[in-house]
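Asks: Got these off Swiss-Prot a minute ago, pasting:
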COMPBIAS  412-433  compositional bias 'Polar residues'
COMPBIAS  490-508  compositional bias 'Polar residues'
COMPBIAS  588-614  compositional bias 'Basic and acidic residues'
REGION    408-433  region 'Disordered'
REGION    490-534  region 'Disordered'
REGION    563-614  region 'Disordered'
REGION    634-678  region 'Disordered'
REPEAT    11-53  repeat 'WD 1'
REPEAT    68-107  repeat 'WD 2'
REPEAT    129-168  repeat 'WD 3'
REPEAT    172-211  repeat 'WD 4'
REPEAT    220-263  repeat 'WD 5'
REPEAT    266-322  repeat 'WD 6'
REPEAT    326-367  repeat 'WD 7'
């Protein structure tokens, strides 16, 4: 054995916490503390291996130095193929580095040109999720996953094929997690923490396999790291700091039953790091000796806080070698060469040591074929994971139905990969022509546009030179992990992912605008009254977008990235249904809003004839959007109009929301006499809310149904009989007309295919059938009607006294009786912006603060169904759970009230750094809220839609408990019982039919095949019965 301590490997006296040798053995990386930041350094291995190379000045020793980490680097690890280097530090970040192929040497910043970076390594992605220092990182055997652990007590598994996607977050440790290691066959990952436990996790479902605590019960959190290691044959897991009879040991955990009967003993202080040699050895045959069968064995190195290093062979009871006082401080990390004969050790004293062994000392290493043969004999076929998804290829599919769903999913994945991607050339972009969605020629042109040109007094041009470095396209190679380069700003978004979501934009829409990677899109949310605008600035030759968004106009958000475009397309029938239930007040729009209306309408989609018709109808309809007035005793309520033209943002707001129709302030202005008549008493606590009432028009026309076509015509004061002024209501239904007379002027009217209702100035409500027959006697309202809606055979009235009532005309029964809106109208600044009545008779009210409520008939209370400012909406992300064949829902009341708000929220969350685990939990809560809201609204179509998305989300996230509970509820009792209260249907949908739709979704994930088989068999049993 040879021992060398290269003095030139140093972090300027600062501690070195990690070391790792490149798989090809030509270089090694160190990580530790820098001057004022974390430091990652890559060194040449040749001067370590050969003395002549160390003395040769032409052979560089340091290859690269990276100071991107803001705090100390605790771990560096090369990927198994050697293309990537991962580093984790106290700045809570995991950085993945790749060599820049086409950039030449450069000097290290701040080194006075003494240190030169021979190789250029740049950070290709930053993984953000941990909330504490990252202590260890580790690549899985086939580079499918990258694991990181932290002092936040969690282990995060990253999808190394799709950085920065997170696969899962393993929770269970109650102390700082300080070490990770992968099972060499990819079935388990083990972690060790300060909570006196070593935990083993399964990779098939990311659940805990074993929790080993006994050997660690006496341990204290005295070590900086706990780097455990798995033997190359997979049979043994050796922990770091353990105790046996109050003495420090390295505990040996057997894979079979996770028994802890053996340990490595001898170190005087706590063991900090254990590292197995990657090779499996057999005894070396002497010259001329006949080969004798011998059991393969492994080699393990153990480092401790006592500054000593021991090397063990599993075929010997005592260590092969022990080196005392190798360093001045604790040993922090160990790394073996891939040949198995060299080892690097680093210490907190800032130095490293290299140990070179011979074959006589360790034995003959087995070839890779022999090593794989051992794995196959013990575990079956080795895990050759080639699928992009974290599914193990060795998992046996036990159910033929499951096999069918797996094949269908594979076929759909191939079909979605693109019709033109038939060959390798079409599937992979050319590296020398495209980078991050822009051609290199475009990038050069954009850079040239940044040149500053001035002219001297004599007229000569002076151009300031602009350095254009050679563009490095090697960084953007999609060969490994299919990973896209990150934005220079640190954001993990990439334009390369743009094509992954199918675009459903109509021909009339503008294509998405391209954003350069160096520019961060800004999302600025002004008050809701402002209209949506897109300001384009062509400075620097690039279109930069400034988004001013309102609650309902989110179209320009496509300009950021087509990944975030999930537009809701209203069907013609849905548009008609919504229009028929809006209860609009007859009035004409103010003249000043007409130009703006035309401008906006030219930008919107008018793809169907019915939508054009509805736009024409809504042109003559209006609904008040003024804030509710607080009528107090003696308080004068006078609204002064400002001189001049109204503000543009207020005009745009009058047409921005599709379900809100506005009128001019003059039409809704209360009379000054009425306001002055209130007196001048001091305001009291018993302030009454008052909603505005429609103004009386001489005549108006209202189309309330498209199929069949129902048109209402109202003409006030058509004649005077015996001093009474009569008004006429005429209804045209499929060419058949009927009319009736009313003793008072009509304020508003509404109708459906079943009933017609009118509210009069004398606070009377009249209800007629579709043929003109009066169905109910005139209903006396407490206050004048503010809004009126009809849907099917239900009638809803919202009065100016802020009360709401709903009647079932067929049953002649009140479903909601004078329910006050006081509980939801909190504050004088909140007003009713829209209202509607569903086909099932459920009233819905939308407020100006972005919240929407419906009155639950069963709970008899107001329930919140939408909130534009809800943080759950801001972070919900279920794009991966949307079925490919379904368009975004647009026909239900829930979608009508929410609009595109949650699309905007998810876009905003992309521009911020929301932790993935938090986004995961909030998405789950959001989907459950959607299910509950659809159930309250009695919207069967939307309930089924969100149920399938919810089930797919649970399957993708591996939430077995919730998924099992959902399936159990849908299945119901298998055997009949007198005590069961299970309802076989919900909203008219058979629950077991819904379960049959959910099961194929469950069948897409192999980890749930037992759950799939269990409920599939029970459904078949019930069907046979």
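Note: Cβ is positioned from N, Cα and C throughout, glycine not excepted.
Looking at the shown structure, what environment does each listed feature sit in?
Replies: Per-residue pLDDT, averaged along the repeat 'WD 1' (11-53), amounts to 91 for this model.
Cβ atoms under 8 Å from those of the repeat 'WD 4' (172-211) belong to residues 132, 135-142, 144-145, 147-151, 153-155, 157, 217, 219, 221, 223-234, 237, 239-240, 251, 253, 258, 375, 379, 382-383, 385, 390, 392, 395, 958, 960, 1006-1007 of the same chain, restricted to positions at least 6 beyond its ends.
Residues 1-7, 9-21, 23-25, 28, 30, 32, 48-49, 75, 223-225, 227, 272-285, 296-297, 299, 301, 303-305, 307-309, 311, 313, 320, 374 of the same chain lie 6 or more positions beyond the ends of the repeat 'WD 7' (326-367) yet place their CB under 8 Å from a CB of it.
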Asks: In the same chain, which residue numbers or ranges, 6 or more beyond the ends of the repeat 'WD 1' (11-53), come under 8 angstroms Cβ to Cβ?
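Replies: Tertiary neighbours of the repeat 'WD 1' (11-53) are 4, 59-78, 80-82, 85, 87, 89-91, 97, 110, 118-119, 121, 224-225, 329, 332-339, 342, 344-352, 354, 356.
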Asks: In the repeat 'WD 2' (68-107), how many residues does DSSP put in helix, strand and coil?
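Replies: With helix first, then strand, then coil, the repeat 'WD 2' (68-107) has 0 helix, 22 strand, 18 coil.
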Asks: Determine how many residues of the repeat 'WD 1' (11-53) DSSP places in helix, in strand and in coil.
Replies: 7 helix, 22 strand, 14 coil
Asks: For the repeat 'WD 3' (129-168), jot down how many residues DSSP puts in helix, in strand and in coil.
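Replies: Looking at the repeat 'WD 3' (129-168) with DSSP, the answer is 0 helix, 21 strand, 19 coil.
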